[in-house]
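One structure is given here, and the rest of the page talks about it.
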Amino acid sequence: MEPTPMLRDRDHDDAPPTYEQAMGLCPTTVSTPPPPPPDCSPPPYRPPYCLVSSPSPRHTFDMDMMEMPATMHPTTGAYFDNGWKWTFALLVVAILGIIFLAVVFTVVINRDNSTATGTSSG
């Protein structure tokens, strides 16, 4: 047995928005705030924050580098002279970390196996 379809009452449906309303092209009325009373004092003056706060140290470094002439800047290769040392150090640390994890893993596996079989080392 098929369910009976729900019939819509089209008289109570809202009309869809017009193209202008949907695209935001219809004229909008913007109400301005009422003028303040004549005896009202203006808000206190606050200078912009960019004039009050000091720049962060990184921006200070960037500004200092910009003030240096381009001929005094270090060459690009100077930044990579010690790169091989850092690469080697990172490789050694990674290998030591893998060895450490392997040792911990085998100790945990052996401990679980010894408790499961009922043998105790010692």
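Cβ coordinates are placed from backbone N, Cα and C, and glycine is handled just like the others.
Taking Swiss-Prot as the reference, the stretch among 42-45, 66-69, 70-73 described by the feature motif 'PPXY motif' is residues 42-45. Checking Swiss-Prot for motif 'PPXY motif' across the ranges 12-15, 16-19, 80-83 points to 16-19. Within its own chain, the motif 'PPXY motif' (16-19) is flanked in space by residues 25-26, which lie at least six positions past its ends and keep a Cβ under 8 Å from the stretch.
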